[in-house]
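To start, the structure itself, in structure tokens.
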Amino acid sequence: MAFTTSVTELHPLPAPTPNPPADPENLPTVSDPFSLSSGLKTSEEIHNLTARHRTARWKRPSAEQTLGESSTTGANNGGDNNKRMQKVDVKGIHEFYQSQNQSIQQLLKPVEEHRREAKDEKGDTRIRYLIAVNGSLAANIILAVLQLYGALSSGSLSLFATMADSIFDPCSNLLLILSHRAINKVDPNRFPSGKARIENAGNIVFCFLMCAVSLILIVVSIQELATHKAEDELNKFHLPSIIAVAVAFVTKLTLFLYCWGLRNIYSQVRILWEDHRNDLLINGFGILTSVGGSKLKWWLDPVGAIILSLLILGLWSRAAYREFLLLVGVTADRSLLRLITYISMTHSPLITQIDTVRAYHSGPRIIVEVDVVMSATTALQLTHDVAEELQVKLESLPDVERAYVHVDYETSHKPEHFLKKEL
């Protein structure tokens, strides 16, 4: 007699499951399940706390200190205790509570509001952003011509150092603009993860070019110091060259102040702002050493060129190192890690634990990995829906490129992704 059974008996169909519970983040009654808002301090409370600590500036010594002194000097009276009282440092109390308020408010803010604020901030400053980028490009082209004239007409090595830096500024601007366009126009079939990292690669190439030019100027300046014959002969003073560099200094100061308010909104403007800041130091010091070489001592000019070249070398090496960290995958900011952890914890009541939270850079943007724990008896459909909603929510955060959500039913296992130390 043959034994037969249906597919349904071997693999019974799951019973219909209800829709996933509503997201507690959007429910006013459970929007703060951990009562974080109770830690918020009003301005009056912060003022009172600061004032109370300001009046209680003294604290008594510890029991060990008192016991040690008693064994050597005998019993202490109240007057002796007052003499040994130490001053309490109350500096930073106001800043601490202000920072705590900002952290709590950031955690309690819905994800949609985070995204809307970032979008509105960029929308309101779009015109200023275009002026900063295009204005910096136009100004750098004009200033490169001016400083090229100043260096060639005067022969000052210090001005050659400022000229070398100014010539590469328009190249840097063009590189940033082309990188931004390449990021926006990407073929997803050829580049599934986008082209955002091309900006970091371009910045690293530019940094190495600037370092190479600085090394060449250092060699030329050392050669000038070694081969100079007339000890008392001063360099020729050339006023138009100084005026050209002074115009560059004033222009860079204007651009520096203009880009200040946009530096934390657009990564492209932040790079321009840092470049204007560096140029202020370079041009200002270059004017001083060039004039000093023609009015005080001849060797001030080549020594100033060496110092300027070392300054340029250090600044751009630091910038290259920072770009390398973003490409390699340095961890994200702690505030973002806290926000991701809180969003994952409060996403759904079905999530019982958080196993792992990672956030690291992939170029200028961030990759997020979250391991959450749910009950082993939860239906697959419900598990999938909760995890997918969390993934979409995390990817909607500003600067987050991808989010990966992994669901497990316990936390006692080994990490799923071990760190490979060998190729």
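Cβ coordinates are placed from backbone N, Cα and C, and glycine is handled just like the others.
Annotated features, as they stand in TrEMBL:
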- 13-23: compositional bias 'Pro residues' (COMPBIAS)
- 32-41: compositional bias 'Polar residues' (COMPBIAS)
- 50-60: compositional bias 'Basic residues' (COMPBIAS)
- 63-80: compositional bias 'Polar residues' (COMPBIAS)
- 129-151: transmembrane segment (TRANSMEM)
- 136-327: domain 'Cation efflux protein transmembrane' (DOMAIN)
- 157-179: transmembrane segment (TRANSMEM)
- 200-222: transmembrane segment (TRANSMEM)
- 242-260: transmembrane segment (TRANSMEM)
- 302-321: transmembrane segment (TRANSMEM)
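Between the transmembrane segment (200-222) and the transmembrane segment (129-151), the number of CB pairs under 8 angstroms, six or more residues apart, is fewer than three, so the stretches are not in contact. Long-range contacts of the transmembrane segment (302-321) within the same chain, counting only residues at least 6 positions beyond its ends with a Cβ under 8 Å from a Cβ of the stretch, are 157-158, 160-162, 164-165, 203-204, 207-208, 210-211, 213-215, 217-218, 220-222, 224-225, 228, 274, 278, 281-282, 285-286, 288-290, 292-293. In the compositional bias 'Polar residues' (32-41), the DSSP tally of helix, strand and coil residues is 4 helix, 0 strand, 6 coil.
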